[in-house]
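Undergrad: Please see the structure below; I have some questions.
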């Protein structure tokens, strides 16, 4: 076996002991080096006897240049500096020693000498590919590292083209790893220049840290920027003609490049393959059948040792507690996979019992689970493993036998040595530990050593017991050492005749060891071996040399021709279409080859093709007669089948394909037998859709569901990376009656075609399901809670169901109050926390948190908990160093056993195994929203609440509210949607039942410093807030404010609606619509206090699960409301909509109608609300410009709901209602309206079916919002085409230069009457020295200016109001500060001349930009018309502004504006070489001091007011099934 990877380990100090060499010529010689710590990461330089290993305890490197006989510490590297050792993948003379700093070490002479090199980045401890090497130019290396500032980290990629002789250069911002295209010697782009320079990088999504938004970009000039700053790169069309988001991994496999993508709502991944990085195709897997699936799931697929002609892949299908898989082999292009073997054995790390026989084509060994079906149904069942071998690359499999008996072999999942498990480059020689019998037994109790010298066809028992083993001199020597758990091994064994006879040899000095590894050179051509073992607390590196055994070198007469496969007469037969013949020393020859580092050369001869050279093609499978029959659609060749032509013909596969890599010569018979045959276009993959009829279709399901008062329904929405196109819904009927008479719930139904066909799920017939709980982020998974310990779940949207038991029953009383027993991890669907109710006696019960990673094994996390939550996530872990993926927060009672004791917030980053820390005491509640963790604690003396915030779950800072914002006896906070890098925190300022109201505060980027966004915001008695974000657009939201907060208690609230387009910095009234077909409005205006459009808010809606907008329809919003001076009664409301993000509105219907948006906003359907019986719906295909009616029922019915997928991507809708026969559903299908797929041409949008929509701010005509101009794609209204993929709506984003609009008032500052941020009277500015403490790597801080940068802005350059005052050094960084700010003469020239020269220009700038720049970003209640008094066209403003411009510039603006301009000039000077410078994801969460928990992660859950799931459906307003309009 050869050393390939790291060895586990501990530490090392050496004193060498030399055992006296044995005198006899027929004995090997031994030399022993004694160490006091374990050698780690032993690596040979290929083609040499030079070895390195890493002392991880003392952080040193050791080197031997004589195959391990002598060792010494590398002297060129300072003691204790080596953190990791990397060998160059493609140059056998180079290696790299990475340190914990930025100075590292490299060698180009196999470790004789080492040179330093520096990289401006730290190494990422969680990456294995820190260094990525170019396959043909060893000087070209990519360094993937980290830049960290405190606990905030970002990944960076740098490159060198001269082996770090000069400093490495950064590639581009926002990288998550980069790779050379030429990552494998056999891969090529087809262009030598591209092979040399092409780089692929995964980059962050636009304004997103989530994996589903990541992208793949390619550059051929190191991502250099042009003169305008645009990076020279392109996004490849992974999906054939369009890019794909969600790129999470890139891998080079021989001649293939593989890209894995993920998406929201699913854990299924998509694989895209290219053989040149130019043309990409999605990997296609055959249709699933029988009892297993064929989808690729995150962390559940393994790329096996592949070949130059196909990819071999193992896909996990079983539970992670008992993992099994299916092995697939691709065609030559790597795109179409066929199944080889099911129930392959693998372990929880994804290692598969699979290994090819080295050097021989088409042979590999596998272990499979013989009772796989039983294990799949019950994961606790013990696996029964059997070994099989294939000689035709997986087409067929044979048993492994020794002396006529079946044997089973320990493989990759039970590694006991390093390197390959079974074979080496020694031709045909294979060794393995195993046993005879029906199944694989225990390694220690049952295993013996077996040997094969015919590549695994026949085996013989060699030695008793399990052994570590190696091959030398191309198989002339076999060496083995008995494996043991104890330090009791005193000898080795070796064989010189292919394992027929063995000789035992004692270790020197009566040494007894516990063997650890036995290894030799990677090519197994040498006569020297290294054995490492442990004895009496020390480690021994034993060098074994067989040089003296045979002095003779083999002659031609000592050699034989060995054929990889022979017939019964000993004649060579064909494997993979050819014979394979190797020169090999005869078994009994008394000589050594002594051809170090030279492998045996194989001779091949092609054979004529036979049936054995063919296998079933993609989506074909052999039947009982051995004939390949179709199991699914057939690939259509490129260019065949015109669009819309389902009846056309094409030449497609016969159902057979030549085994990839098979080189047999075609014969006339095989050509005729396996030639392509004529197929129908309608039977192919991606077949044209049925011809469009232009008609709306519907499918009714009536009289099937019975009579119930409510529906419980769950859309299990698929992701973009899902391989199927199903639209799955799970539902059941429910009864909510006053006297609880009759059944409470009905049977569970499932549809996969959006309601066309419903099937009853019989799996639950013996179980009473209390609650149906879809996973909040991975919609493939659904959990079904029962009253006892049994929990049922499906990992694939209801195709299969499994069960497991939880440790204790749920506390359903607590669940009714919002504390739910099942808590999910956002990234890992099988990571669960269960809150169980444990009772010592009837009256002594407490809550215990249990954790599991697979549902089978549960560990106690914490006792006496109130609730727990996963706060770790892959996205946050990359950004915040302390926020581990395993991070959990719990509210736990301070005194164990005392449920009345105070709660404290505790955290753990390791499932509470070793790490448990108290973060805050007297905690009342906590909530997570986007990246923020917000905690409410109680001031026990003042009986008020305090808010704390954290980004990493470790450091919590108290929220600082603005001066004067004093609320006595605070009892409730509500964390609103905070997806724009700032917390929107609602603080209740009046808590008087239906008179309650409060203030929305907006935080800085770390959630700790707050300013007022809007006051007197309406809420209800439960502190649910009239706040609604527009989905898919940043910073757009609606609120309802109370305009009579001081009215008498008997007076009803008077509400008005306001909108913000810049994340709460400004609020304006909604403009009134124009006169329409329904009549006049009572008034008309652009939106004023006296006349505006007002929309019913969140607290007034009956069905709080409904949102105003849809993720798929950017800028489109609906609502019920009225025009006037305030919001009227909901009974008098009409239905309004906007298509431009709230700039303009129109009335689409009198009265209240329910809406649903499909096909990414191009289909809109309206139906009357419940209680208004109808037989008609209305729809629009042009964004509401025109409407058409459709009669869907012969009788008037009561429509309870209208639904479609939440993403808005579907062309199907579902009406839920009640008629005379009971409950019914009607599917409304728009797929027949067109068969034309919308065309997207990013290079020429005029030829595209899409147009650009750019949201505007009504007060900012330049189009810059949050420092950039965003452009979104929307389908052109009225076009008859459909979206066949989820369009990434964000088309482009261009940053603007920074202006006043990109800054808001800092803490303790407020807007004065001039629109400037002034210090509140009597207060001091925030001590900005705290910046130095919070950011220990910073060297300077700025005096406060009163302004701070808006967290969401991305502006660059221009004015910097935040850093416009004096700058000072941070304590301890005075020298660094001095070096940075040392000013040259030319810079002084700029400092003096520029302000004077700019003064008059600034005066003009002040005048020209008064409207849009000064006084417009404010955090208050002013509407669109509040600045009219200061309009620049007013005579009392225009001339004074011009007259006073110079004074403003030189006096008032000098400290601020010119300070910002100075920095602009300074950065420009530095660029010239002058000077010496250096869509929201969440919902709402409530923090309630009253003790009731409200854990709201999604808008659905908040809508229900019951946490993440509920026993009842989302229509929470209809508790008793009443239909009164008053119940809102």
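Cβ coordinates come from backbone N, Cα and C, glycine included.
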Undergrad: Do you know which of 1365-1385, 1386-1406, 1407-1427 Swiss-Prot annotates as transmembrane segment?
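TA: Spelled out, Swiss-Prot records transmembrane segment over residues 1386-1406, not the other listed ranges.
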Undergrad: If Swiss-Prot is the reference, give me the range from 1315-1335, 1336-1356, 1441-1461 marked as transmembrane segment.
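TA: Here Swiss-Prot associates transmembrane segment with the stretch 1441-1461.
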Undergrad: Calculate the distance in Å between the alpha carbons (Cα) of residue 899 (N-linked glycosylation site) and residue 1006 (N-linked glycosylation site), and round it to a whole number.
TA: 33
Undergrad: I'm checking region-level scores; what's the whole-number mean pLDDT for the repeat 'BNR 3' (450-461)?
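TA: That region's mean pLDDT is 94.
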Undergrad: So if I draw a 10 Å sphere around the Cβ of residue 735 (N-linked glycosylation site), how many other Cβ atoms end up inside it?
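TA: Its Cβ shell of radius 10 Å holds 16 other Cβ atoms.
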Undergrad: Within a 10 Å radius of its Cβ, which of these glycosylation sites (1006, 1244) has the fewest neighbouring Cβ atoms?
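TA: Lowest Cβ count within 10 Å among the glycosylation sites (1006, 1244) is 1244.
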Undergrad: What is the separation, in Å, between the Cα atoms of residue 1244 (N-linked glycosylation site) and residue 308 (N-linked glycosylation site)?
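TA: So the alpha carbons of residue 1244 (N-linked glycosylation site) and residue 308 (N-linked glycosylation site) sit roughly 39 Å from each other.
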Undergrad: Against which stretches of its own chain does the repeat 'BNR 5' (749-759) lie, if we need a Cβ under 8 Å and a gap of at least six residues from its ends?
TA: 699, 701, 704-705, 726-732, 797-798, 1210, 1212, 1214, 1225-1227, 1229
Undergrad: Which of 308, 899, 1295 (the glycosylation sites) has the most other Cβ atoms within 10 Å?
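TA: Per the Cβ count within 10 Å, the most buried is 1295.
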Undergrad: What residues in the same chain, six or more past the boundaries of the repeat 'BNR 6' (1136-1146), come closer than 8 Å to it by Cβ-Cβ distance?
TA: 1030, 1033, 1036, 1038, 1059, 1061, 1070-1074, 1076, 1093, 1095, 1115-1121, 1155, 1183-1184, 1253, 1255-1256, 1258
Undergrad: Reported as an integer number of Å, what is the Cα distance between residue 308 (N-linked glycosylation site) and residue 1295 (N-linked glycosylation site)?
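TA: Distance (Cα to Cα, whole Å): 45 Å.
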Undergrad: Rounded to the nearest Å, what's the C-alpha distance separating residue 1295 (N-linked glycosylation site) and residue 735 (N-linked glycosylation site)? Just drop the number here, would you?
TA: 55
Undergrad: Could you tell me the C-alpha distance between residue 735 (N-linked glycosylation site) and residue 1006 (N-linked glycosylation site) in angstrom, no decimals?
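TA: Taking the Cα atoms only, residue 735 (N-linked glycosylation site) lies 46 Å from residue 1006 (N-linked glycosylation site).
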